[in-house]
Amino acid sequence: MRGKIKILDIETGNLAIFINPEDAEQWRIHPNDLVKIESGKRYIYGSAFIGNIVEKGEIGISKDVLSIHQFSNGEIVSLSPAGTPESVKYIKKKMRGEKLKKVEIETIVRDIVDRKLRNTEISAFVSAIEINGLDMEEIAALTIAMAETGDMLDIERKPIMDIHSIGGVPGNKTNVIVVPIVAAAGLTIPKTSSRAITSAAGTADVVEVLTNVTLTLEEIKRIVEKIGACLVWGGALNLAPADDLMIHVERRLSLDPRGLMLASIMAKKYAIGSQYILIDIPTGKGAKVESMEEARSLARDFIELGKRLGQYVEVAITYGGQPIGYTVGPALEAKEALETLMTGRGPGSLVEKAIGLAGLLLEMGGAAPKGKGKIIAREILEKGKAYQKMREIIEEQGGDPDIKPEDIPIGDKTYTIHAQTNGYVTAIDNRGITAIAREAGAPEDKGAGIRLHVKVGDKVKEGDPLFTIHAESESRLDKAIVLARRLEPIKIEGMVLQVIENL
């Protein structure tokens, strides 16, 4: 069938293609059938919607379709039934618990990227992996397929270093300090980061307070070849595009299969050509990984997968039992990170973690002798070399290199929670702190978040400030206050827990 494109001012949440009932009957197209639109070398798959919203001879497309391929009103295109994708039988194979071959995994990933598979089929694939798992051979094949169906970055400056934290700990602005330290030592580190999904700030959200993070692959290549580093948002790039489509389904199902998590992280590293990768696994109560046993098991998987991909991987299991530094939220974290870079000093939890991780990367890349990386990383930070490199990164990405911490606007609607008793801080609930910061507006409102006044082990008196909530609107602040009072994320106890009387 050939017809004229009609752009419809609607969003459906999927790739909807609207067909007049007469055309649908003539071409034997049924509701929700997979159909293909072609125009020259451009093509897209979508679900058929039958209705009189379009006239006979018209093919209606939603805004969702336009977000992937640009078609113009009145453009002549061809439309045809697509049939059942070949990959569906491979998904059924995994549902039966059978091992998938490399070519079968490649077919599934290609069909996901081409949008031949809808959310129902992708959900079945994700669920099959959750139930039956993937072995390391399958994970490696999936990783490579995810990377090679997207764009690949070719950087000539070697060696190429990379770092990734699996997250789960609020206030983790560590990589904003690690990256300039590593680059200042002469190594290459093109860091792509995510925005917050369930946290109060992703690395990209924090860096965006200081400079532009939405760059093209060509711009990244130019910057990295020139200064050895970047701090950009990976979501603006076509890196491992199947990953985003699968993550969308995982979130809806509240699933996070280990095999997919490993492939998701390593596919993006493979796509940008990372040779030496440090994985940070924060571990502790309230973190994504709560036990050392689970952390060690995950570490072994990362190392084994790296070997299969030709990448050298080391894993740092770090303390994740409370927030890193004293701030949570994009602007608050950017301010704290910039202060640390400018002065070479900062909260112990932030500085020690940053130089510890940076030191490992220096040793991995040959910029420091074994066992001396942390010392050299500290020196680079304290002598201002990391700050100078951060200025270069900010400027090359389109920001003002002269930005100062006091230039960063923070939410001016504030409320401070105080201690109700004397004692010691025995625990800070990571999930509670994150929930309150998000209720205050983070990460969408850059100035929203939480400033902690105490950490675990601190002695407090009744009336002492525990944390301050920052928001950009009174309504957001009020909601955050209600949640803070309900959750009580900071626990205070006396040294004497109970007295047993001699009766």
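All positions are counted from 1 along the displayed chain.
A Cβ is built for glycine as well, from the same backbone N, Cα and C atoms used for every other residue.
Values in this document were obtained by computation on a predicted structure and should not be read as measured data.
Taken from Swiss-Prot, the feature active site, proton donor applies to Asp256. Annotation for Asp256 (active site, proton donor): same-chain Cβ neighbours under 8 Å, separated by at least 6 residues, are Glu250.
Residue environment of Ile197 (AMP binding site) contains 10 other Cβ atoms, counted within 10 Å of its Cβ in all protein chains. Taken from Swiss-Prot, the feature AMP binding site covers Gly168, Ser194, Arg195, Ala196, Ile197, Thr198, Ser199, Thr203, Ser264, Lys288.
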- Cβ-Cβ distance under 8 Å, sequence separation of 6 or more, same chain as Ser199 (AMP binding site); the residues meeting this, in order, are Gly167, Gly168, Pro170, Thr434, Pro443
- Query: What three-state secondary structure does DSSP assign to Asp256 (active site, proton donor)?
  - Reply: coil
- Query: Just how spread out is the AMP site if you go by the largest Cα to Cα distance in Å among Gly168, Ser194, Arg195, Ala196, Ile197, Thr198, Ser199, Thr203, Ser264, Lys288?
  - Reply: 18
